Amino acid sequence: MKTKQQLRFLATILLTTILFVLAKTDTDPLEVLALQDLYKSLRNPEQLRGWRLEGGDPCGEAWLGISCSGSSIVDLQLRELKLLGSLGNQLQHLHNLKILDVSFNNLEGEIPFGLPPNATHINMAYNNLTQSIPFSLPLMTSLQSLNLSHNSLSGPLGNVFSGLQIKEMDLSFNNLTGDLPSSFGTLMNLTSLYLQNNRLTGSVIYLADLPLADLNIEDNQFSGIIPSHFQSIPHLWIWGNKFHVEPNYKPWKFPLDVRPLIQNDTGYPTTESSAIMNFPRPETQKVKKKKKGIGAGSTFLLVGGLALLGTFFALFAVRMNHRRAQNLAAIHRSNNSIAYSLPVSTGREYPVATEDNPQIKRFQPPPAPQLRHLPSPPVRIDKSARRKSFSATCQYPSFAKLFSAAELQLATNCFSEENLLGEGPLGSVYRAKLPDGQFAVVRNIPMSSLSLHEEEQFTEVLQTASKLRHPNIVTLLGFCIENGEHLLVYEYVGHLSLYNAMHDEVYKPLSWGLRLRIAIGVARALDYLHSSFCPPIAHSDLKATNILLDEELTPRIADCGLASLRPLTSNSVKLRASEIAIQNTGYIAPEHGQPGSSGTKSDTYALGVLLLELLTGRKAFDSSRPRGEQLLVKWASTRLHDRRSLEQMIDGGIAGTFSSRVASQYADIISLCTQAEKEFRPPVSEIVEALTALIQKQNKEASSSVADKTDPFSKSFCSTRTRFISSPTFSYLSS
């Protein structure tokens, strides 16, 4: 009897211990799914010991490269593992991750838009990542260090740095172009910035007031004046640019007694040719000595001898440089997967252990390889060579899938009426079910008989549209060009448009918090189109019906990058488009019809109309109203700056849920966007900043306002994890 009791006691202890261990080690299911998606995107590499495509417990089973705190993954170190593939699209579910290091691999594709929202250190250096910095970066308010150096990032830097507390950022050795965005000027904690070896242009004035201790902007195309504040930066590299220096420019007093801790310079340039044009070299010493006179003949012989000697050394230097370049190029060709350059990250360790996460270890940036990377020469495509046969030589988009006409006929049930979602200015839109079970949307664009040049133009539009990747833009999945058919395949977001949600009684009222979230999402998408491409992409048809709301009520703009296809459509489609344009008169800017009118400034105007629509609950154009009230902007423009009139024009469903100060600031933003003269409308990047400031003010008021307790979206803004939290799906149905 006593033995049985002892056995029961031991069994109880054993069971309790097992349950305790399981409770301690079971990893968050969302984080497990994120790692499984990453493993699949990395092509199931054998070197990731312990990783699985299904099941498993990363924390309990000690998957390679993973460190946990309890059941949360806090550290993901996959450095120098010769990994291939991409980073997937589920990293945003790693909510507790602090450190992400995937440097020194062979990763390809773009940087995911969804990054770990609470990460403090991200290192993706020495890979083959393309595109540019994702527009979700401002959501990472805890980020302290970002290293994206030695990749293939290209295009302009988006205006994506607002609200960050980052201290160290390295974007060097890429192919970034364009001017520095204004949001650089908001990085008031930034102490180390490395931008060398890109093709950045314009002024560096946004860096003037930053507390920088390390700044390297060498080998770019920066121009304009050099901020005087730069001479107080202890470690500074600015050579190889096009700065303008006046003839009477006062020489700087560089801190020569401080040696660089990092980077690839060992001192000041040894020749004037490597410094910026006309920029004074620092004088280390000034020594004056009396010299004896030299006769004219001696002077002639001396000058001639020096000239001959200089010519000899110049020829020798050219020969040696040519041979050195050939050797380095050969090394680069034979080791294409390795980036030969000196480190651009600091040589210091990052202290990232915190009270909340004591198990996080320090990580140190990679050591320096010994050779310097030589960029490959640009490849030029001779367009005349592909005019011989469009179908045989056309280069289709590499970011989208090529579907056959038979596949899409099967997916849409031969484009049946039951799958017809609607008619737009570019043709009919159908719902489709792809062979893998995924739902999609197929847009059938009837074209007139296209010339070879017009077919090439269509393909160029596809190339651009297929590259668009933004959380507030509907993604192009694929296309079909076959037997005269031109079909585009988009992801299926849902069939709820902002227009339906705003103006159909079954969906009203949308909460004020949700309306703000929609406004900032649409503005960010437009900013992405305008700031991340050269030339900028204008939507040219922004309206409530073109903004879809997904299951989480996140706004997604449709038909981005397709504006230039309208002249290529058939006459019947053009007629239908003109009828639709009459219905959308309220979004059309005053300069419409003038040369160059369909640009980014027209998008700014349409954004202002949308903001006004969200505030008032009225349609942009409503023929059922009295003549003086049909055009929303015309009716509201005189009321926006009168406090009593402004209060009266606010939608009754949200009246009283926010302060008059917030309403007044929102009205100011609308007024800026809807200026009659396009020159006075600000760029959308400034509208994003203004809306962000407005939401921050709303947050402060919501925390102490009783009225806002009825608005779950306003409360969601107060989260410390991310600036915007996905909204509950029931709120827009609230009665």
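Glycine too: its Cβ is placed from the backbone N, Cα and C atoms.
On a predicted model such as this, the values are computed, not experimentally measured, just so you know.
Annotation source Swiss-Prot lists N-linked glycosylation site at ASN118, ASN128, ASN147, ASN175, ASN189, ASN264. Here Swiss-Prot flags 120-140 as repeat 'LRR 3'. The repeat 'LRR 4' annotation in Swiss-Prot covers 142-163. Under the heading transmembrane segment, Swiss-Prot lists 298-318, citing sequence analysis as support.
Below 8 angstroms of C-beta separation, residues 79, 92, 98-114, 146-158, 160-164, 170-171, 176, 339, 344-345, 350, 352, 363, 365-366, 467, 469-471, 524, 527-528, 532, 692, 722-724 of the same chain, each at least six residues beyond the ends of the repeat 'LRR 3' (120-140), sit close to that stretch. Counting other Cβ atoms within 10 Å of each Cβ, the lowest count among the glycosylation sites ASN118, ASN128, ASN147, ASN175, ASN189 belongs to ASN189.
For the pair ASN175 (N-linked glycosylation site) and ASN128 (N-linked glycosylation site), the Cα-Cα distance reads 12 Å. ASN128 (N-linked glycosylation site) falls within neither a helix nor a strand when secondary structure is assigned with DSSP, and so counts as coil. ASN189 (N-linked glycosylation site) carries neither a helix nor a strand DSSP state and counts as coil. Across the structure, ASN128 (N-linked glycosylation site) and ASN189 (N-linked glycosylation site) place their CA atoms 29 angstrom apart.
If you take the Cα of ASN147 (N-linked glycosylation site) and the Cα of ASN189 (N-linked glycosylation site), they are about 16 angstrom apart, rounded to a whole number. In this structure the C-alpha atoms belonging to ASN118 (N-linked glycosylation site) and ASN189 (N-linked glycosylation site) are separated by 17 Å.
According to DSSP, the secondary structure content of the repeat 'LRR 4' (142-163) in residues is 0 helix, 6 strand, 16 coil. The secondary structure of ASN175 (N-linked glycosylation site), as reduced to three states from DSSP, is extended strand.
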